[in-house]
Amino acid sequence: EGCCSNPPCRHNHPEVC
């Protein structure tokens with residue numbers, strides 16, 4: 001996922017990773 005490889009997004013949306 002793009003979000004999971006983007007640290008700020010991953011931090012804000014851990015449930016998708």
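Glycine too: its Cβ is placed from the backbone N, Cα and C atoms.
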Problem - Candidates C3, C4 - disulfide partner of C9 as recorded in Swiss-Prot - result: C3
Completion exercise
P8 (4-hydroxyproline) to P14 (4-hydroxyproline), Cα to Cα, whole Å, comes out at 10
